[in-house]
Amino acid sequence: MAKLRVYQLASQYEIPSREFVQILNRYNIPVKNHMSALTDQQVEEFKASFDPTKDRRAEEQVPKKKKSNSSKSTSKKASQKSQQESKPTSKKKEKKPDKAETVNKTQAASELKTQDKTEPKKKKNKKASNPHADNKSGDQSNRNTNNRNKKNRKKKSKKSNREETIKVKDHSKKGKVSHSVYKKKKDEKKSEQAKNKVYEIPESLTVGELADIVGANATDIIKTLMMAGTMATINQTIDADTAQLVCDELGYEVKVIKDEDVFEKIIEEYDEKETGNEVSRPPVVTVMGHVDHGKTSLLDRIRKSHVTASEAGGITQHIGAYTVKIKGKSITFIDTPGHAAFTAMRSRGAQMTDIAVLVVAADDGVMPQTIEAIDHAKAANVPIIVAINKIDKEGANPERVKQELVDQGVVVEEWGGDVIAVPVSAKKGQNIDELLEDILLVAEMEELKADPDRPARGCVIEAQLKKGKGSTASMLVQQGTLHIGDAIVSGTTYGRVRTMVDDKGHRIKKAGPSKPVEISGLSGTPEAGDDFIVMPSDKEARQLAERRQEQEKNEKQAKSSVSLEDLFSRIKEGEMKDINLIVKADVQGSVEALSQSLVKLSNDEVRVNVIHGAVGAVNESDVLLASTSDAIIIGFNVRPDKNALEAADHEKVDIRLYRVIYDAIDDVKQAMEGMLTPDYVEKVTGEAEVRSTFRIPGGIIVAGAYVTDGKISRTDEVRVVRDGIVVYEGKIGSLRRFKDDVKEVQQGYECGIGIEKYNDIKEGDIIETFVNEAVKREL
Ligand SMILES: Nc1nc2c(ncn2[C@@H]2O[C@H](COP(=O)(O)OP(=O)(O)OP(=O)(O)O)[C@@H](O)[C@H]2O)c(=O)[nH]1
């Protein structure tokens, strides 16, 4: 059964709703306005204890006037009458409610409060909220009658529709009339259909908007509101409770969507919706590859040789991306080379790259960062084009590069695969056009499309604070067209596009799909990879940005990436079908052995994937890849560097470090079975940098070290790390400050450290101390 509303109960006692709200509050029933719903229990308890004669004494003034007017009219009418008598209200005040105004809980509550405090104010307010009271007393009494007949109203209104149709039918002798009957029937059918639907409404909306959503006549809504004692205009804002009540009355089923869900919905609908007006857009390309293989040289070469004469007039700006033209078609290059930027963007959910150009130096071949780049591109599901660079160099061997690529699962066309490889020389400008044409070819196959006529969407390439300009952000338009003056939200910032400059330094007024631009006008500096969305108004942009700020705050506190501990529960809940791992080890043999053993742990329920395996310390790029791919990092005989630790902390990525391969396999296995219950957790206590070494009597090599972090304690365990790889783990043999033995040395001090049973310490090594702390077993 539908819940009883305050006004309905009020009408049973013939007490005005506003007064009744106060009475209910005095009975400790915390209702806010006449639309508030009451539970059955509240109604029962209230009815049992409420004595209308006794409990309404506080409102004595009102009943008095009620008597003086007519015994049947309500006290509400009486008080309105009294307003007329006591003080004529200015026209301005009468008009006020006609403007868009919220009839919500707060307003109703505050009005009530004001009424309590001072009589004159009460009059003004009442007047303001009932503009028709002066000249529409007839309406008012009608309303009261209607209130009394409320129970029958719904039935009646439906019935009257039917009756009308029948009436017309009775007179339907002529074709014209029967046509109108037909039309009416059709309308009825339509409205019946409409009534069977569930409409979604926001937390607050205007009467007109509600009419639009459910497809009802605004007049009907206004009438229904009037019957419930609320005078509203078409532009007036009503809250969801009110809207829901009106729709109940009119027979429309509605569901209230929270404001944040409304924003989400706008975003989702936009993403999903194809307008049918999509046209081809230029591809967006990222250049990746191993250090020194020529990424920057290639990007420079492309930019310099493909800026047309007309464009060259402007000074090329660094805005993080640029567009070149080849055979009348455009290509946009993200001009910050490297996968760190690429993954940083992906970790923020942005996928701006359509194609990855993998630069491999022909004289050097596939190197660790080449593999990393391949893994990143694969994880992002982005097609690769290989640019085999430096073919002008002596010792260049493109065929060897192709062979090495096969080992990484990248099979070029000549070898029967589907990856295009182009031998180029960034230095000499050889085959650059060919590379660009191949990019266009791949783009064509990818069928990259966008509708330029939609409000713009895209993402931030980079953003900074510029002197005299405030926050500027380089943005890539991915959908629609961005215009000067557009209200936008970007990440947690918002504003209006004040200025817009393209990569050639030209001030422009609009930018279409795949176009990079630098804009100003934002309230803050968004982060690379943040999205940007054009909103219908400044107000909505600000609201969405504020909501995101709040969400970000909450998420920071509760971000959960995958960890070995929660692996089992996520598998059980069906949340995980794949376990993604990144394996880093000291030597290639270990990477392979560990990876193979881990993959073999796959069972019917879950598959174990090693999405990236490489030699070397765990770095920031590994962490970002883990974050974007929901992966756990398994390190064998390696350590994370500082940036990686910071990133892991920020992204909440689980890094597991092992000294025994079997332990790593066992942990993953046990985690999959829900048996992982670590008793000890390692805590790093200090770090010292070896700045020199010296030999002491007995041939022992001691490190002259500087404590860079925490403190080095004589009793802590110690490990020696060289280039991110653990070369020894053991105990401290001696710890000295000058000539004295000491128990500990704090950060910022120098000391001598000898390591038990280890004589191979070298300058540049990192000495890390740690303790194993007992932790509670987890259930
Ligand atoms: N001979 C020859 N040298 C090249 C070519 N391309 C780049 N180089 C040289 O290789 C070196 C590295 O080039 P960069 O473009 O800086 O390489 P990168 O990959 O951007 O390097 P990082 O930014 O450090 O990752 C420079 O000395 C270039 O002059 C080429 O096609 N031929």
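Yeah, the Cβs are placed from backbone N, Cα and C, and that goes for glycine too.
TrEMBL annotations: computationally assigned, not manually curated.
Noted in TrEMBL for the protein shown:
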| type | residues | note |
| --- | --- | --- |
| COMPBIAS | 45-63 | compositional bias 'Basic and acidic residues' |
| REGION | 45-195 | region 'Disordered' |
| COMPBIAS | 64-79 | compositional bias 'Basic residues' |
| COMPBIAS | 120-129 | compositional bias 'Basic residues' |
| COMPBIAS | 148-159 | compositional bias 'Basic residues' |
| COMPBIAS | 160-169 | compositional bias 'Basic and acidic residues' |
| COMPBIAS | 170-187 | compositional bias 'Basic residues' |
| DOMAIN | 280-449 | domain 'Tr-type G' |
| REGION | 283-431 | region 'G-domain' |
| BINDING | 289-296, 335-339, 389-392 | GTP binding site |
| REGION | 507-533 | region 'Disordered' |
So for ASP292 (GTP binding site), how many other CB atoms are inside 10 Å of its CB?
13
Quick one: of the binding-site residues ASP292, LYS295, THR336, ILE391, flag those whose CB is under 6 Å from ligand 1, and say none if nothing qualifies.
ASP292, LYS295
Helix, strand, coil: count each for the residues of the region 'Disordered' (507-533), based on DSSP.
0 helix, 13 strand, 14 coil
Local confidence of the prediction over the region 'G-domain' (283-431), expressed as mean pLDDT:
85
Could you give the number of helix, strand and coil residues in the region 'G-domain' (283-431) as assigned by DSSP?
49 helix, 39 strand, 61 coil
Near the Cβ of ILE391 (GTP binding site), how many other Cβ atoms are there if near means within 10 Å?
22
Among GLY289, LYS295, THR336 [binding-site residues], residue with fewest other Cβ within 10 Å:
THR336
